[in-house]
Structure formats: structure tokens, C-alpha cells
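Here's what TrEMBL has on this protein:
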- 20-41: transmembrane segment (TRANSMEM)
- 25-522: domain 'Cytochrome oxidase subunit I profile' (DOMAIN)
- 61-82: transmembrane segment (TRANSMEM)
- 143-165: transmembrane segment (TRANSMEM)
- 185-209: transmembrane segment (TRANSMEM)
- 229-252: transmembrane segment (TRANSMEM)
- 264-282: transmembrane segment (TRANSMEM)
- 294-318: transmembrane segment (TRANSMEM)
- 346-366: transmembrane segment (TRANSMEM)
- 386-406: transmembrane segment (TRANSMEM)
- 418-438: transmembrane segment (TRANSMEM)
- 472-494: transmembrane segment (TRANSMEM)
- 527-549: transmembrane segment (TRANSMEM)
Amino acid sequence: MSSQTGTPTFVDRYPEEASVVRQAFLVSFVALGLGALFGIIQALHRTNVLRLIDSADYYTVLTAHGVLLVIVFTIFFLVGLYQWAITRSLDRPAENITFTRAWLGLMSLGSVLTGGTILLGFVDEIGISADVLFTFYAPLQAHPLFYTGLAVFLIGTWLAGVDWFRSYLAWRGDNPGERIPLQTFMVLTTMVMWYIATIGVAISVLFFLLPWSLGLIDTVNPLLTRTLFWFFGHPVVYFWLLPAYLLWYTVLPKIAGGRLFSDPLARVVFVLFVLLSTPVGIHHQYLDPGIAEGFKFIAMTNTMFLLLPSLLTAFTVVASMEHGARQRGGTGLFGWLKALPWRDPAFTGMALAGLMFAAGGFSGMINAGMNINYLVHNTLWVPGHFHLTVGTAVALTMMAGTYWLWPQLTNRPLYSRPIALAQVVIWFGGMGLMSNAMHVSGLFGIPRRTAEPQYEGFDFATSFGSVSELNLQLAIGGSLLFVSTVLFLGNLALSMGTPTRDGLGQTLPPALSGPTDSPAVLDNLRLWTVIALVLVVLAYALPLGSIVAESGLFGSGGNPYPVVIEPLVGWIDPGAVIEIFHDLLEVLP
Ligand code: HEM
Ligand SMILES: [Cu+2]
């Protein structure tokens, strides 16, 4: 225990909440380590530099890489960060810490079930596997434990949201009429978005994929489950991104030496994500037959609107950094850049992450264009894009944020700041190479998701490099990323052994333009939720209705009725049941 000489740290003030945050981070970082290991294996394998696995196991590796990194690493970090943010910004402990521990436990159980089922795929003798990639499209089928784990994990995240809303309501009771603190606002809006988004994946898993894998129903409608997946699959990218935004808006200005430029703009950005993040999912299905072009066009238009919050963020965050730099004595049109704390790994990590996010935004615009998407669809371009966004803007910000937050959760200083600084720079360089190679390879038509791209020796005389050169670039970049991950985890592990110290507490300064400069309607969460739901219905009712009307809830070609009622056939007339079903569907457009 440290005596309270300077600013008390988070762990001084809220020891139990701090332990929950640490546990969530721990799970997150274990997943990061494993995910990076699988990442380097597949990067070296598909570029034919080093083959440690059999190509037949490639999908086990790739599924583990995807699920561990974009479900476990990112989301456990999110819940840890949000628990910290809500406790800190409301300045009150969790309403019931046992409940808090329970949802973290559920999430962990779900992750172990899902992750374990994937990893069992390496042991053929057991006969359990889930090589379905993180998108788990039917007709690929996983063992029921994979879907069960997902469901348990999801329930855990829902309860986390309940916990945070409870804290907020309790605070509201004590502080009527006050503006919601910014970090709490960010947590709550993210969760509103999450509740809406997860409706899609919950229906897909609980009503179709899980019963199907258990043999309770014979078939599923792949287009329907895909569409439900992407109903969730686009907003989930903001579930990864918004914790990074929270750090950029509320922590980065402070470590840059200044204050957030505008609190109201930050609120507008989060509200825009609540409204716009779900009715765009069909932009992942531009090439799916069975969805009319018009619906795809609407999704594209909505997607382009989503550029707005990202541009607002770029403006606000850079303005805050400039303010910080000028506070530190920076001058000139660009000269202030030199005054930023580039030796601070937390700052440099977040700044480099933001820079890569801008590049990811550009390649994202290519993906989002209906026509130009055909050029890059399912090529290596796509992983090239999202290793810039979730793989760097999010992942590197989370690592950098950890450097800032960890001492306040443990009262132990970081083991080595120079190693941390090298780590974030190596990540940036490694990703520059890997992502560049992936983008260019994609333009050459090299597919993603394959152990055997078979372009070896094929020279493209008209372009800069050959495919072999791109492969080498990808392999070197991937190796640097792996080294960077090891440095991050090693530094953190060693930090657990540094002696405890006083004075590691940090405060966050208020924004230059505070919450009261914005209209109160911004805090009206009910209003935004209702509008978001209306937009979702507008975007999805017709496409989903037509998918079901055309090929049925369970697809065509299988048993016309669920396997569960098979024994009842003879007692009841399945034809009559189906009639009723059809009549019901008739009402849909
Ligand atoms: C050590 C660093 C990493 C390396 C070397 C690496 C490498 C790769 C490679 C080569 C692929 C493409 C495989 C293929 O399509 O055949 C891939 C896919 C992927 N990576 Fe990474 N990656 C790393 C870190 C990350 C991070 C930090 C994230 C997210 C937080 C991430 C998320 C993904 C996802 C979601 C896929 C797609 C999986 C799929 O197609 O189902 N990766 N990675
Ligand atoms: Cu998307």
C-alpha cells in the first residue's frame, strides 16, 4: 500500500475495481500473445518463408488468430478500460463488485469454451474443431461448444453494460441535472450501440447456428446467417475502435501536455456512431448474390456518412495535441510538432496509431465503394486494410494506453520506458511493411485466407516489385510485429516485479470547451437509441424480409421442417405447420 503523498492512483482509491481491470487486461494480453504467435506462423507460412504447420491446419491457426485478437484481446481490453473509465469519471465504486466479477467470469468462461474448441482442431484424434474463421459463415460448421462459448461471452458483455448503466443511474440519483461526465457518456453510448448490434449475431447463433450444429435443425439459410452476422460485424469494428477513441479524446491530450479541444464535438462523434454504425453492414456483402443492388447502394451511402465522425475525430484530436504542444512552448505553423513528448511511449504509440488510422481510412474508402470493392474483394488487400485499423489504430493505442494506465492500476512504474518506446516504433514499422505488402498483393489479385496462394515465381514486370519481393516484405513486417508484441508483453511482465512507489497518480484535465457548451439534447440517450433503431429497421427490414421470403428461414434443399419435430410427424401434419409458416411470411414484404 502506498501512502497518499501525491495524487492517489486508481488502485489506491478503488482497489477492487482496479483488480477487475487488471484481470480483464490479463486475459486480453494472453490472447494478444497467442494471437501474435499464430499471426507470425501464418505470415511465414503463406509467404513460404518458413512452414511450421501443415497447410491442412492453416484454418485452425487463422481462426484462432482472428477470434483471439478481434474478440478476446480487443473486447477484454474494452471492458477493463471501460470499468476504469466509468468508475473514475463518476467517481464512485461499482454498485456490486460481485456482479462485476460475475460478468467478467462469464466472458472468460465463454472465451475459454470458444478458444478451446478452436485449439482442439489441432488434435485430430479428438474430433472436435471449429475451423470456421472469425466470421463463422455457414455452411462451415463448428462444434456446438464454439457457438455456446460465443453466446456465454455475449451474455457477459451484456451484463457488463447493465453494470455500467446501474452505476450511471445511481450517480444520476445523486446528481440530478448534471451533464454526464464525458468518459461515462462514451461508455454508455458504446454500449447502446453494442446492444443494438448484437441482436443480429445473437439471433444467428441462438436460433440457427447452434441448433444446426446440435442437429436440432437440418439446414440453415447461409445468406440469412451471413446477413445477420454483418448486421453485427460492422458495428463490432466500432466496439474495437471506440475504446481507442476514448483514449485519444480523454488521455492523449493530457499526455501531450494540454487539454481536450472540445467536449461537445466528442459527444457528437459518439452519437453519430450510435446512429450510423449498424445500418451499413451490407457493405460487407456487395458481392453476395441474393441481396438487391439497391439495398447495397443504401448501405454504401450510409457508410460514406460514417467518414464524418472520423474526420471530426482527426480534427479534434490534432487540435488538442497542438494545444498541448503550444502549452509546452511549441511555435510555428508546424514547428509545434517538435514540442510534443515523443519520448513518452504512451504518447508516441497513440500518435503513430492515429497516423496509421488515417491510412486505414483511405483504404477503407476503397472497400466501401460498391464498384471498386469488386477489385479488392477477398484479396489480401482486405487484411492489409484492417491491420491498419483494428490491428494498429486500435491495438497499438491499447498497448500505448496500457503504458499510461498500468502504473495507476498497480502502483508499480513501468519496467522500461525505452523498451516501450522501441516497441511502439517497431510495431509502426512492421505494420508499415506488412500492410503495404498486403495492399499491393491484393491489387495483384492474391487471395486472402489461403495457405497456398501459389503465385511463386510469377513476376509482374510492370509493377515495382515481384510477388516474391512482396512476400518477403510481408514476412519481415510480420516478424517485426511479433518481436514488438514480445517486447510489450515482456516489459509488462517485468513491470509486475518493479517495487511499488508513490506518486504515480494522474488526473485528467477538463476540456477547453466543456460539456455545458453543448445542447443538453446530446445527453438524451433514449432519443438516440430510438432513432438508431428506426434507422436499423429502415436499412434491414426489406433485405431480411426478402431473403426469408425467397429462400426461407432455414434455406432450401433440406428437410422442410426442423429435425426436432420429426418424431411428431404422423401425429401432426407438418404440411399444415409449413402452411402457417408461409402465411406468416406472406405478410412480410
Ligand atoms: C503479430 C502481429 C500480426 C501478424 C504477423 C498478423 C498476420 C496476419 C496475416 C498474414 C493474416 C492473413 C492470413 C490470410 O488471409 O491467409 C492475418 C489475418 C488477420 N489478422 Fe492478423 N496479424 C497480426 C496482428 C493482428 C492484430 C493485432 C489483429 C487485430 C487486433 C489481427 C487481426 C486479424 C484478422 C481479424 C485476420 C483475418 C482472419 C480471417 O481472415 O478470418 N492481426 N493476420
Ligand atoms: Cu464494415
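Cβ atoms are placed via backbone N, Cα and C, with glycine included.
Note: TrEMBL annotation is automatic and uncurated.
Tertiary proximity for the transmembrane segment (386-406) is limited to same-chain residues at least six positions away from its ends with a CB under 8 Å from its CB atoms, namely 10, 25, 28, 32, 69-70, 73-74, 77, 81, 84, 237, 240-241, 243-244, 247-248, 251, 255, 345-350, 352-354, 356-357, 359-361, 363-364, 412, 414, 417, 420, 423-424, 427-428, 431, 434-435, 438, 488, 492, 495, 506.
In this chain, the transmembrane segment (472-494) does not touch the transmembrane segment (229-252); fewer than three CB pairs sit within less than 8 A of each other, excluding pairs fewer than 6 residues apart. In this chain, the transmembrane segment (185-209) touches the transmembrane segment (264-282); three or more CB pairs sit within less than 8 A of each other, excluding pairs fewer than 6 residues apart. Within its own chain, the transmembrane segment (472-494) has Cβ neighbours under 8 Å at 29, 32-33, 36-37, 39-40, 43-44, 47, 49, 399, 402, 406, 414-416, 419-420, 422-424, 426-427, 429-438, 441, 465, counting only residues six or more beyond its boundaries. For the transmembrane segment (61-82), the neighbouring stretch richest in Cβ pairs under 8 Å, chosen from 143-165, 185-209, 346-366, is 143-165. Taken as a whole, the domain 'Cytochrome oxidase subunit I profile' (25-522) shows an average pLDDT of 95 in this prediction.
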